[in-house]
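As written in Swiss-Prot, here are the features:
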ACT_SITE  GLU142  active site
BINDING   CYS99, HIS141, HIS145  Fe cation binding site
Amino acid sequence: MIRDLEYYDSPILRKVAAPVTEITDELRQLVLDMSETMAFYKGVGLAAPQVGQSISLFIMGVERELEDGELVFCDFPRVFINPVITQKSEQLVYGNEGCLSIPGLRGEVARPDKITVSAKNLDGQQFSLALEGFLARIVMHETDHLHGVLYIDRMSDKDKTKQFKNNLEKIRRKYSILRGL
């Protein structure tokens, strides 16, 4: 089932997500729904708060990045439950980011080029992954969602132009009206 997305000014996007304590059938269904939702909106990652669930879970639909920058997508997204970034490189790299919860806007964000992330999968097994480049960026972006942080919070002030802020306000108004706020 494709779930409704939470948008820019939704309070749930600013909350710290609760840890997942048990892997249930409901959690498995949430992951299936998130997978359909991510595919429908053509995302590369999706965090549970973006579909209204304030729990520490996200999915990533990219398996790897080829040398030419082309992305290889997974048949089924990788699941990260209670993820923790355990290592980050000191080298920061700027990259252009967007977010399904802030449709139509993109911005430059500096993030570490390499990370190691530890999490559980849907079978409850702990795993650790060393990632770099775009895959590392996806994991950091989605992990930020679990801490109530949006990519716009990580943009430099100079990149938040008046036009960017005006567009952000238009998004806020549009989706507040759609939600009946």
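A Cβ is built for glycine as well, from the same backbone N, Cα and C atoms used for every other residue.
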Note: in the chain of CYS99 (Fe cation binding site), residues six or more apart in sequence with C-beta under 8 angstroms of its C-beta are LEU105, HIS141, LEU150, TYR151
Close in space but at least six residues away in sequence, with Cβ under 8 Å from that of GLU142 (active site), the same-chain residues are GLY45, LEU46, ALA47, PHE58, MET60, PHE80, PRO83
Around the Cβ of HIS145 (Fe cation binding site), other Cβ atoms within 10 Å, all chains included, total 24
By a three-class reduction of DSSP, CYS99 (Fe cation binding site) is assigned strand
